[in-house]
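Below you'll find the structure, written out as structure tokens, and then a few comments.
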Number of protein chains: 2
Amino acid sequence: MSDCILFAKRNDMAKKKEKEMEADFSAEERLKEAAIKVFTQKGYAATRTRDIAKEAGLNLALLNYYFRSKEKLFEIIMMEKLQQLFEIIIPLANDPSTSLDKKLTAIASEYIDMLSVNENLPLFILHEIRSNPERFVSKMQVTKIFSDSVMIKQIRERRSDINPIHFVINILGMVVFPFIAKPILFSSGQVDDKAFGVLINERKKLIPLWVKAILKAK
Amino acid sequence: MSDCILFAKRNDMAKKKEKEMEADFSAEERLKEAAIKVFTQKGYAATRTRDIAKEAGLNLALLNYYFRSKEKLFEIIMMEKLQQLFEIIIPLANDPSTSLDKKLTAIASEYIDMLSVNENLPLFILHEIRSNPERFVSKMQVTKIFSDSVMIKQIRERRSDINPIHFVINILGMVVFPFIAKPILFSSGQVDDKAFGVLINERKKLIPLWVKAILKAK
DNA sequence: GTCTATAAGGGGATAGAC
DNA sequence: GTCTATCCCCTTATAGAC
């Protein structure tokens, strides 16, 4: 019984703390953060603006007051998230002063760190782009990774006999795929959140090693 | 002018051929095929039952007549597609009579062939599972790949110092990731449908080579 | 079995009070 | 700026004719 009271009190305090933390952000910021959470989790089509408002602890009218429409709010978030994905790799892949090996280490490490705190990002982006390719294609500076990047040139120097895109696909796949396949890994029962954390941390060191190995493979 | 007539005639015949082929299938089958196409392309939430009926060249009421609801139709398709994904890899991964190298060759080849004619499948499955993990987890026999498969044992024999799940992730990632990332590859302008076909065909031979290389990498 | 027409409900957006 | 109440369209599902 006293346990119950203590527990209730602790819960109250946690709630209060939460409220206070929320209060540090404006309604606009809270709606945007809520929208990021819900959109990236469920995708555009499956999210209801009511869910976003509820997640933010605010009401639906505010969403339209600040962002005009679900569509416009989505567009803002999508652009930000595309930016977030590309701003990591483009400068790293185009740095002429680093070796290919250094690039691999940097990309694996920085991408995995970013995705660890944005686990839903890859699947969200990939799903939304496919639902509406023409809409976002122009916004993506993919050329800067896949065709005329310094990294592509460095890969070509090592393996002129294989299309360098193969290796870019492999690097990105090794980094991104675990996050995309997470629900499947978990369903095996062999992986939980802790084990997943260990795995992706190991991959920071393993991926550069692996990529060097496949660059040599005959 | 005569070209136009010929062209029109050819189109008419193509149309007729199409109609005849459609007629070979019952309304139920046509609706299901249409549903597979639309669901896997746009995802559950974004597809409207009207789109499915239209795609099948039939009307909305028929869909409910045969399948009761959008939900039930989706469930049927989802189960079939999960089956389709797992039935390829599970027997291959659990064949005690083949070497690990043979398994890699078989998995890469058969998966790539299947995904080539079901390009939307991976992203569809992954997106829907994440939107509703608890719903499908029990239906997936993932354990048979990730923990107690023959392949896992064979991997462990070669590299006892690294969690074998890493290698399964890498194999599947190398096979599946190009299909998931297709819209991004295309947006680079470097890859079109023909080039994509060439790439994934090359990967059938390259992936086993690469996996052998990373198994040795120190 | 297949169709048209319509009911029922959900969800995005706004009006108007405070 | 923030809220409640409400509008109205769009979508799923069904009734009922053929």
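One-based numbering along the chain as shown.
Heads up, the Cβ atoms here are built off N, Cα and C, so glycines get one too.
Here TrEMBL flags A:25-85 as domain 'HTH tetR-type'. Annotation source TrEMBL lists DNA-binding region at A:48-67. Per TrEMBL, transmembrane segment is recorded for A:162-181.
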Tertiary contacts of the transmembrane segment (A:162-181) (same chain, 6+ residues out, Cβ under 8 Å): 104, 107-108, 111-112, 115, 119, 121-123, 126, 145-146, 151-152, 155-156, 196, 199-200, 203, 207, 210-211, 214-215
Helix, strand and coil counts within the domain 'HTH tetR-type' (A:25-85) (DSSP): 48 helix, 0 strand, 13 coil
PLDDT averaged over the residues of the domain 'HTH tetR-type' (A:25-85): 98
